[in-house]
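Single-structure report; data block below.
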Amino acid sequence: MNVAALQLIDGSVLEGGGQLLRNSVAFSALFSRPIAIHNIRHNRKPPGLRYQHTAGIQLVADISSAHVTGCETGSNSVNFSPGLIRTGRQYTADPKTAGSTTLLLQVALPCLLYSASPAPSRLILRGGTNATHAPQIDYTQHIFLPFLRRHFGLNPTLEVVKRGYYPKGGGEIRLTLSPIKGPLSPVLLTERGMVKSVCGKAYVAGLPRHLAEQMCSAAKSKLVSSGIDSTVIDITAVREKNQDVVGSGSGVVLWAETENGCILGGSSIGLKGKDPETVGQEAADELIRNLNHGGCVDEYLQDQIIIFLALAKGTSSIRTGPLTLHTRTAIYIAEQLTCAKFKVVEEDDVSQTTLLSCDGVGYIAPDATTVIPG
């Protein structure tokens, strides 16, 4: 057990939700820094930990040999005291609900990233794969992981074994990651370039295929009306096979790639009483909004990459749209728990383009002679 003094973190600040919790626990594990988080999800209904959060905390506790107290559903405070991170193993997490597998992935992946040993680690994560208030697994596949590969040289491989939909969950994803000794290189991404393609998927599971086709058509029409050339748009309508899913659901995930290799997304989830045309239009609207801001990453990739920028060596600079509250929360936690320093320059009042810079800590895999920065 780590006997260093606990660092106190107020879980109600800024976004005040699960992201603050996930990033805090990941940094705690990486820097072997005990933390105590209180007022967890204070302004949410209901407040406190949900099954999704307890599963994520316990997953990182397993990875980092941590001693944890307060990790129960409904708890509003958690003490997390990490030990040795163990890579090269297989870890499993399952909230037994439709809790998001991609959010479990977010908290665990940074913790398995560094090791002096080349042995890969494997995650088996169960729950929901396409849920509201979380990245859909297709977003992770086509936007988040490609960013890690292109800009950090990482090589995660992802397999979607089974898709799981609300309220049953029951999906399963598997990720394999070979670690690095570190540090990550900084990212310079300030010129987006012209859109060269827009791809996407309109899907249904346990529902008629024509609903996917309607979502697909509505998304295409909205994109074309915004000025995107119809010849560069390729959205596929898919009805998932019954044996590949648990439950029923629908949605659209879009991703636009630019000449400079930037990938930005837009998505929407189908809900009961929501017509398929609206779902398709919402996904297109979200993508259009992110393109109109002129940034090199979309509003959801913004906050997901903060932890990696903080860990990288040197100064990263990324042009974004307006910073979201999630991104500002991720920055706040990174600066609380590491020596990383961020700078935000709002460049354009109309498009709300922002230049985000970070002086990272240059984290490397710890060994017997390593002093961990931060």
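Even glycines carry a Cβ here, placed using N, Cα and C.
Going by TrEMBL, these are the annotated features:
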type: ACT_SITE; residues: HIS326; note: active site, tele-AMP-histidine intermediate
type: BINDING; residues: GLN106, TYR300, LEU301, GLN302, ASP303, GLN304; note: ATP binding site
type: DOMAIN; residues: 14-344; note: domain 'RNA 3'-terminal phosphate cyclase'
type: DOMAIN; residues: 190-291; note: domain 'RNA 3'-terminal phosphate cyclase insert'
Self-check item: Between GLN302 (ATP binding site) and HIS326 (active site, tele-AMP-histidine intermediate), the C-alpha gap once rounded to whole angstrom
Solution: 8
Quiz prompt | Rounded inter-Cα distance in Å - TYR300 (ATP binding site), HIS326 (active site, tele-AMP-histidine intermediate) | solution = 9
Quiz item: Going by C-alpha positions, which of the binding-site residues (GLN106, LEU301, ASP303, GLN304) is nearest the residue listed as 'active site, tele-AMP-histidine intermediate'?
Solution: ASP303
Self-check item: Cβ neighbour count within 10 Å of GLN304 (ATP binding site)
Solution: 24
Quiz item: If you draw a 10 Å sphere on the Cβ of GLN106 (ATP binding site), how many other Cβ atoms land inside?
Solution: 23
Quiz item: Taking DSSP states H, G and I as helix and E and B as strand, how many residues of the domain 'RNA 3'-terminal phosphate cyclase insert' (190-291) are helix, strand and coil?
Solution: 39 helix, 37 strand, 26 coil
Practice problem: Return the maximum Cα to Cα distance in Å (whole number) over the record's ATP-binding residues: GLN106, TYR300, LEU301, GLN302, ASP303, GLN304. | Solution: 13
Practice problem: Report the residues of the chain - excluding GLN106, TYR300, LEU301, GLN302, ASP303, GLN304 - with C-beta within 8 Å of the mean position of the site's C-beta atoms, for the recorded ATP site, in sequence order. | Solution: PRO135, PHE144, VAL297, GLU299, ILE305, ILE306, HIS326, THR327, ALA330
Quiz item: Once near-sequence residues are set aside, which residues in the chain of ASP303 (ATP binding site), 6 or more away, have Cβ atoms under 8 Å from its Cβ?
Solution: GLN19, THR324, HIS326, THR327, THR329, ALA330
